[in-house]
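Engineer: According to TrEMBL, the record shows the following:
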type: DOMAIN; residues: 46-115; note: domain 'Amino acid permease N-terminal'
type: DOMAIN; residues: 161-639; note: domain 'Amino acid permease/ SLC12A'
type: TRANSMEM; residues: 162-188; note: transmembrane segment
type: TRANSMEM; residues: 208-232; note: transmembrane segment
type: TRANSMEM; residues: 253-272; note: transmembrane segment
type: TRANSMEM; residues: 278-299; note: transmembrane segment
type: TRANSMEM; residues: 333-351; note: transmembrane segment
type: TRANSMEM; residues: 371-391; note: transmembrane segment
type: TRANSMEM; residues: 446-470; note: transmembrane segment
type: TRANSMEM; residues: 499-518; note: transmembrane segment
type: TRANSMEM; residues: 525-545; note: transmembrane segment
type: TRANSMEM; residues: 565-598; note: transmembrane segment
type: DOMAIN; residues: 648-782; note: domain 'SLC12A transporter C-terminal'
type: DOMAIN; residues: 809-994; note: domain 'SLC12A transporter C-terminal'
Amino acid sequence: MAELPVSETPGDPALCSGRFTISTLLGGDEPPPPAAYDSSHPSHLTHGSTFHMRTFGYNTIDVVPAYDHYANSTLPGEPRKVRPTLADLHSFLKEGSHLHALAFDSRPGHEMTDGLVEDEAGTGGEKSPAEPVRFGWVKGVMVSVCGWKVQQWEREPGLHPVLTWIIILLSVTVTSITGLSISAISTNGKVKSGGTYFLISRSLGPELGGSIGLIFAFANAVGVAMHTVGFAETVRDLIQEHGAPIVDPINDIRIIGVVTVTVLLGISLAGMEWESKAQVLFFLVIMVSFANYLVGTLIPPSEDKASKGFFSYRGDIFVQNLVPDWRGVDGSFFGMFSIFFPSATGILAGANISGDLRDPAVAIPKGTLMAIFWTTVSYLAISATIGSCVVRDASGDLNDTMTPGSGACEGLACGYGWNFTHCSQQHSCRYGLINYYQSMSMVSGFAPLITAGIFGATLSSALACLVSAAKVFQCLCMDQLYPLIGFFGKGYGKNNEPVRGYLLAYAIAVAFIIIAELNTIAPIISNFFLCSYALINFSCFHASITNSPGWRPSFRYYSKWAALFGAVISVVIMFLLTWWAALIAIGVVLFLLLYVIYKKPEVNWGSSVQAGSYNLALSSSVGLNDVEDHIKNYRPQCLVLTGPPNFRPALVDFVGTFTRNLSLMICGHVLVGPRKQRMPELRLIANGHTKWLNKRKIKAFYSEVIAEDLRSGVQILMQAAGLGRMKPNILVVGFKKNWQSAHPATVEDYIGILHDAFDFNYGVCVMRMREGLNISEMMQAHINPVFDPAEDPKEAIALDPEALVREEQASTIFQSEQGKKTIDIYWLFDDGGLTLLIPYLLGRKKRWSKCAIRVFVGGQINRMDQERKDQHILALSQRPPTKRFEDMIAPFRLNDGFKDEATVTEMRRDCPWKISDEEINKNRVKSLRQVRLNEILLDYSRDAALVVITLPIGRKGKCPSSLYMAWLETLSQDLRPPVILIRGNQENVLTFYCQ
């Protein structure tokens, strides 16, 4: 614990017992602050200072755990509480910082009890907003989910009890598994508004979440029209029975539907409190209607009811109805299932208003599962009771009673004094369990209450769909995953009501009511709901299977394998219901998914897809440890000393071109200086450089280290970069263009880095371009002085990390088409084949594919017939002029020819880069070779697209750095195309054999 000495103890001994301050832990009052203190001495700060929270009896800036510290965001206008940073506890508290301002604020009454409040001064003068209305699990979730569908009142009675139970239990299996998955996801963290979209998008990421959110909102908007039309059809039938049509049957539905959905819009615009009251009212109407039905089954049947097939509870009727009797177009199991299953698509209604729940983590699991349980019980009860009371066929004719001489009688009704044989044989019966959809009204004690139940079911479902569509769409708009929809994300009032979303959902509902083609679109809407079920279950499975530490739901009664089964069975049901609608739904989801993948929105929600990517990468990387190296599987894995990558874009593009989708590339950056001084810069720039690489579409990692000098930092990178077998094996550097004017020590370090690379068994690649590699001077940014120092480092401006992403990308030769030029390879020495491999990999890329590759090798004229016919043979026997080379090395000569040995030794110790006369004589042949090679390069490769040369090696400790740099300068000077000097580690990277 970071603590400071105190000058006094709390005044009230009752508040402190030993080391623990009970008043602090329980939020009690603090002792009054002293009148003044010396802020320049931390030891003079007392308990009254806002700088110190009294934690366990100590004055300390450390704070006890608080819920607000683990919240990623707060509501607008609310102060945000933050914990001290590690630097605040471990290092010095900087003056002028946010914490420092809070620490020495001596205003009376300004206390910190459970954390440090951020931006409190900016919100203290504002009036706190009104408290939003929040609902519990009964009123907010269960009542909404329990809005029974019209299938319960009209279609379910026509199904056989056992068949109905099978269909109900199959549906309940899907909904229960989905309910368990919803419960697990909703208790894994704080659920905000957005419902189904929020749960899926925060679990599986914006790609799937965005696509489901859009189609789910649309499905709910159309669902408003479907349920409203169900209500309008019932009202139209009633007014037609009384002989008072408005216009005609179709237009009556349109008129009633538009008026009804307008009323529902008014309820929604009034606020969630009124919507909740309306749902409770509909729920009570449904309960009264359900009770009315159960009472009606106990009342002895009248003659009118008996003529329609109702004979109260009879065991033989129940037994007969156990066996299905398929009739009509939908006379199959899946035909009946497709009729009933849409009644099970409302279990997400409670979750969709997650932002208006008092405690979503409690309300969603409890309300959803309880609603599923009670609706299942009610569905089973209706099928069992009505299947025990009503025969399959009845005429409804009061004259069809059994009389002597009425002839043969078939069916169970004969035993109860009724003869429905004629209509049963002719299949013309209008009544009975199979034929009459209003059987519940006929059985009930008071038929109008069943009609009221239908009204309550349809209006409750329509209202729930209207609210769900707007709430889900509002959250989607606020996330801005799709263009042109941000307008609808604005909220109003204390509950942040999506008024614009309500109006949009209303417009869609009215449009579909007027079109009146709901029978065509209904299967697609059902499949949209099933897509949501499938993805919710898959979200739960995927989050569990990835073993992410962030997946820790408090709801334990779920199974990842059950969730996977629920996802699979939801997709299967989609195709069993309507295969063409399933294909359309999946196609729409894929289209929206691909759009979000293409746009790559800048959001990070910690999804299970990210956790899965990590698991996959980790297991694959570990699995590589068991894979033995083979020449055929060799890959050039490059550590590129770019410094800041945006300073040397040509170097980045060159390596990124041939490593793309092939091998590892790491951009290394050494921050030279004291660790304490460079550490803030290290934290600041890393993310910006990675984003710059991503924007440039370079598939590479960025790695930086802090070191006292460049060479030490590169040594650290070469030893520590990479993971397992994914470690660099080639060091790529830029050519030190200013080596003649730079400080000799920096040249010594540069050559030392190349020697270090060979010591670590790396290959080496040096890139030179005529115009240079470093563009930092044009960017007016600070650069690494070892490679190419700025004229005045004190005036160099540090680059803002965010500016890296916004800046205009510099174009290089490696980003343009090369046309029909040549890639000239001068394979002068056998280095294992790396000099050949890298140009070949470059030539496979589209921009370089038209370039012809020419290979030049060293040899003798008289051995040309023995060499390969497709290689050019270089003869190096002619003695070239060397004056230019001698002038180049003249400033670096030791001129020790007439000095004694002691003097020479002392001169070499002070200037190890100097070249002695003896070293010049020993290396004269090698120096002449570089001069001659340069002449050949100018003759043959002046117009090439790229020149690749085997890098000459200078023996460590025997060849001075200035002489070696003179060789590289002489070899590559005056060439227009980029020059790549490559040297392998003398181990094979190519083979001509298959094994």
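Just so it is clear, glycine is given a Cβ too, placed from its N, Cα and C backbone atoms.
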Engineer: Take the transmembrane segment (446-470) and find every residue of the same chain, 6 or more past its ends, with a Cβ under 8 Å from one of its Cβ atoms.
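Structural biologist: For the transmembrane segment (446-470), the sequence-distant neighbours (Cβ-Cβ under 8 Å, at least 6 residues beyond its ends) are 144, 147-150, 152-154, 195, 217-218, 220-221, 223-224, 227-228, 230-231, 234, 238, 260-261, 264-265, 267-268, 272, 275, 278-279, 281-283, 285-286, 288-290, 292-293, 296, 346, 348-349, 352-353, 438, 440, 498, 501-502, 504-506, 508-509.
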Engineer: For the transmembrane segment (499-518), I need the partner stretch with the highest count of C-beta pairs below 8 angstroms, choosing only from 162-188, 253-272, 371-391, 525-545, 565-598.
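Structural biologist: Between the candidates 162-188, 253-272, 371-391, 525-545, 565-598, the best contact partner of the transmembrane segment (499-518) is 253-272.
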Engineer: Which residues of the chain, 6 or more past the ends of the transmembrane segment (278-299), have a CB below 8 A from one of its CBs?
Structural biologist: 139, 143-144, 146-148, 153, 267, 312-313, 378, 381-382, 385-386, 389, 440, 443-446, 449-450, 452-453, 455-457, 459-460, 463-464
Engineer: Thinking of Cβ pairs under 8 Å, which stretch from 162-188, 208-232, 253-272, 525-545, 565-598 has the most of them with the transmembrane segment (371-391)?
Structural biologist: 162-188
Engineer: Is the transmembrane segment (525-545) packed against any residues at least 6 beyond its ends, judged by a Cβ distance under 8 Å, and which are they?
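Structural biologist: Result: 174-175, 177-178, 180-182, 184-185, 188, 196, 199-200, 203-204, 208, 212, 215-216, 218-219, 222-223, 226, 341-342, 345, 348, 551, 558, 560-561, 563-568, 570-571, 573-574, 577-578, 581-582, 584-586, 589, 608-609, 611-612.
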Engineer: For the transmembrane segment (565-598), I need the partner stretch with the highest count of C-beta pairs below 8 angstroms, choosing only from 162-188, 208-232, 253-272.
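Structural biologist: So the stretch in question is 208-232.
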Engineer: Summarise the domain 'SLC12A transporter C-terminal' (648-782) as counts of helix, strand and coil residues per DSSP.
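Structural biologist: Taking the domain 'SLC12A transporter C-terminal' (648-782) as a whole: 63 helix, 29 strand, 43 coil.
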